[in-house]
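To keep things clear, I will list the structure first and then write my remarks on it.
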Amino acid sequence: MLRLLRPLLLLLLLPPPGSPEPPGLTQLSPGAPPQAPDLLYADGLRAYAAGAWAPAVALLREALRSQAALGRVRLDCGASCAADPGAALPAVLLGAPEPDSGPGPTQGSWERQLLRAALRRADCLTQCAARRLGPGGAARLRVGSALRDAFRRREPYNYLQRAYYQLKKLDLAAAAAHTFFVANPMHLQMREDMAKYRRMSGVRPQSFRDLETPPHWAAYDTGLELLGRQEAGLALPRLEEALQGSLAQMESCRADCEGPEEQQGAEEEEDGAASQGGLYEAIAGHWIQVLQCRQRCVGETATRPGRSFPVPDFLPNQLRRLHEAHAQVGNLSQAIENVLSVLLFYPEDEAAKRALNQYQAQLGEPRPGLGPREDIQRFILRSLGEKRQLYYAMEHLGTSFKDPDPWTPAALIPEALREKLREDQEKRPWDHEPVKPKPLTYWKDVLLLEGVTLTQDSRQLNGSERAVLDGLLTPAECGVLLQLAKDAAGAGARSGYRGRRSPHTPHERFEGLTVLKAAQLARAGTVGSQGAKLLLEVSERVRTLTQAYFSPERPLHLSFTHLVCRSAIEGEQEQRMDLSHPVHADNCVLDPDTGECWREPPAYTYRDYSGLLYLNDDFQGGDLFFTEPNALTVTARVRPRCGRLVAFSSGVENPHGVWAVTRGRRCALALWHTWAPEHREQEWIEAKELLQESQEEEEEEEEEMPSKDPSPEPPSRRHQRVQDKTGRAPRVREEL
């Protein structure tokens, strides 16, 4: 009965129609004990599927609130019980395991201490959970791994944005969509939804806010922004807040590590930490899992939502910014505390040592009690103690441990393990540096395609991972592809494909054609099949060469192929000062002011290599150019011509743009490649299958007798059959 009434009860908690919605997803029933998140989430999805948007919002929000409340209970109970003297672990167990001293009173003593402390800690945690969650609440509200993963991926917000949209709450719909997208930047449907929200009149730029941003990231970004404006005094409170928030976030993560053993991931079971044998093996196995999880909290705290990798040296770098900012405003004592804390991580850091000497000289007489920060000292001592135990288990029990910290002293690692760890690191060279291309003299002799020559390498292009190759297309092949682009543009009114003004400049017209669209037009008889087939063949030709040159030991996959033409608009070229395509990088958002490139949306972060295969040169302007990360200093310039390929890595090392096309029409095949097979271009596969089907049908028709029907099927009907066969109407994907 209670489960049937839950949607109605939660519906009453929603604000009345027309009332202002509070910013963010605030608590629906403050002070109330959390309910079972899994039941709330399941009920919310049922309401969503039934189109009951208001109950769906209430249930999904309450599921989020309850999940967060459970996390706070674990954190609070863990902290209070850890502070209980009667439940403290024996001091002898907090450091490295000592060699067995043999049977006797000493061994029995620590065993009794351990078990007594474990029992008291368990009793304390049970009583605390009962007070906060009710009797048996910890077991009743336990969440399975599948649901934890769904909440970590922020899936409730995917449903919330749709429900809010149906309720006409566009501000919250955009916020929920943005919150989901931040953690799932590769979600193509949400990328399209975000673009739609941006075009809606009722949505403001402020609507796109992350409702789940960890507080330490918000403070960190604000502090960096203020430092960039030379406002150290205003930045200091935000930087300190970021550091304290980072430490608090790690404590929350560590509390989650102490859940039931079944909640630990399968990763630990594979590395030998799973429970085997008797009592002590079981205790050791679970304890190792907890320690491994705690050590991973450093990387999780340093990883932005939606990012794959943590910010390197996150805590030490925060301390570096703090001591520099304190010094700028004259807080020398605090500057010394923070620089001494940096030296706890890196005792031989020359820059930190120079800064310390400078601060001490400016301060004058040494002040008693001035040392590293106590919170950082506690963090390092605890982390080193855990590492010591994990390396011991690695050496003696055969478990594995991936140390997340570059500052771990080498002396802490057992000598027997150092060589093995060094070998493991050397087995994966691409994790540390890109594959180096072969020298120019090698490529002049062994290029894969006859007639292809390497014209310029990275050295001649004044950069890294760049190359210009000529001869990939014959003049006849360039003509076929140019005709394909022209025919597709001419068929725009019938197919939904039409040119438009360039999104980068009002002085040019932009036309784009994907491989799938070309295949569909060829199947419909709108364009010739020769051009569509050549488009597929040439894209694979470019992929093969790019992989052979830049990544011979790691397969590359096409992620997107686009035939693009830019045409100068007559009468709009006088005194033109803009570019055809502004300077950018292909897999990160370039910040010319700082020279940094953020690998995050809206950039296509999975792109690893880019290629531009030119089809003509009978136009004015339109040269490709590379720059420094400041987007101002030009380092190389490439003039398009038929069959010329410019290939380069897609990151910050290769910012590039296109000079204005001031006369004529410039056409090129743009291709992007990825190491990630899950991001390979599915439309390329569909296009290939579609063209193969067309060829088979043509061959069958040739074998049959000529039909007496004087009225063959019109192209529009044939086009409709293509749509039906693929299961959906063909769509044009625009990508610049």
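Cβ from N, Cα, C; glycine included.
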Per Swiss-Prot, which one of H507, H656, H679 shares the Fe cation site with H584, D586?
H656
According to Swiss-Prot, which stretch among 29-32, 417-420, 733-736 corresponds to the feature motif 'Prevents secretion from ER'?
733-736
Confidence summary (mean pLDDT) of the repeat 'TPR 3' (216-249):
92
Check the glycosylation sites N331, N462 for other C-beta atoms within 10 angstroms of each C-beta and report the one with the most.
N331
Please check if the repeat 'TPR 2' (154-187) comes into contact with the repeat 'TPR 1' (37-70), where contact means 3 or more CB pairs closer than 8 Å and the residues in each pair are separated by 6 or more positions.
yes
Counting only residues 6 or more past its boundaries, what in the same chain has a CB within less than 8 Å of a CB in the repeat 'TPR 3' (216-249)?
301-302, 304-305, 314-315, 318-319, 321-322, 324-326, 328-329, 331, 375, 379, 593-594
Whole-number answer please: how many Å between the C-alpha atoms of H656 (Fe cation binding site) and N331 (N-linked glycosylation site)?
43
If you measure H584 (Fe cation binding site) to N462 (N-linked glycosylation site) at Cα, how many Å is it?
18
The repeat 'TPR 2' (154-187), counted residue by residue under DSSP: helix, strand, coil:
26 helix, 0 strand, 8 coil
Distance, N462 (N-linked glycosylation site) to N331 (N-linked glycosylation site) (CA atoms, angstrom):
44
